[in-house]
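Trainee: Take this structure, written in C-alpha cells, and hold onto it; I'll ask about it next.
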Amino acid sequence: MTIGVKASHLTVVPQALAVAGAVMVLVWCIHFRGGLAWESSNKSLIFNIHPVLMLIGFIILGGEAIMSYKALPLKKEVKKVIHLVLHTIALILGIIGIYTAFKYHNESSITNLYSLHSWLGIGIIVLYGIQWIYGFLVFYYPGGSTGLKSESHPWHVLLGLFVYSLAVGNAALGLLEKLTFLESSGLAKNDAEAYLVNFTAIVTILYGAFVIFTVFSRPAQDDSSYKAI
C-alpha cells in the first residue's frame, strides 16, 4: 500500500520537525535545566544527557534511517549503507542514553527500573538491537538467500515500524514523567518550561507519524530498491 505523495516531498515536514525537536530538547536541557555533564556534583546535569541522546540520537536518527530508503534518490546499495550506518549510530546513542539514566539514578541513590517508561525503554532497546542484528545478518553480511530476504523483508519493515512506534510513544511518556516530577517539585503548570516540554512531546509524536507516512509514500526514485532488498 502506498500513498500518492512522493517521499522526497513528504520528508520536508519531518525534517523541519526534527530540527524543531532537536532545538527544543537542547533549549530545555541547557537553558532551563542547567546544561549537560558526564561528571558533576549536580547529578541533574548527568540526567540531562538522557533526553538529548534519546530524542536526537535515537528517535531522530532512527527516523532518518527509516526514511532514507524512500526519500533518497540514490542507488539501492548506497541507501542500504546509509540505512545501516544511521541505525547503528541511533542504537549506540540510545544505549549511551539509557546508561546515563542508570548513572544518574545510581549516583543519586534513586531506584532503577521502577516506572513503565523505564521498563518499556529496556524492552525497546533490546528489540531494536535484535532487529539490527537480524537485518545485518540477512541483508548485509553474510547475507541470506534471495528467498530468505524476500520472506524476511515484510517482517523486517513491520517489526521495525512497531519498535520505532514504541520508541516514539515511550519518548513522549518519558517527557510527561519528567514534567510530572518537576511540577511535583514546584514547577508551575503554566510555566514556560512546562509548555516547552509538552510541545517537545507533541513534535516528537508528529515526527514519528510522518516517518511512518514516508514508509508508505512513493519512493523518490521509481525503482524496486525499497522492496527488493
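Using the three backbone atoms N, Cα and C, a Cβ is placed for every residue, glycine included.
Annotated domain 'Cytochrome b561' per TrEMBL: 13-216, in sequence order. What TrEMBL records for 12-33, 45-69, 81-102, 122-143, 155-175, 195-216 is transmembrane segment.
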Trainee: Establish whether the number of Cβ pairs under 8 Å between the transmembrane segment (12-33) and the transmembrane segment (155-175) reaches at least three, counting only pairs separated by 6 or more residues.
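Mentor: No, the stretches stay apart by this measure.
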Trainee: At a C-beta cut-off of under 8 Å, are there same-chain residues at least 6 beyond the transmembrane segment (155-175) that contact it? List them, or none.
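Mentor: Those are 51, 54-55, 58-59, 62-63, 66, 116-117, 120-121, 123-124, 127-128, 131, 134-135, 138-139, 197-198, 200-201, 204-205, 207-208, 211-212, 215, 229, in sequence order.
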Trainee: Any residues 6+ beyond the ends of the transmembrane segment (195-216) with a Cβ under 8 Å from its own?
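Mentor: Answer is 1-3, 5, 7, 10-11, 13-14, 17-18, 20-21, 24-25, 27-28, 32, 55, 59-60, 63, 66-67, 70-71, 157, 161, 164-165, 167-169, 171-172, 175-176, 178-179, 182.
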Trainee: On the 0 to 100 scale, where does the mean pLDDT of the domain 'Cytochrome b561' (13-216) fall?
Mentor: 96
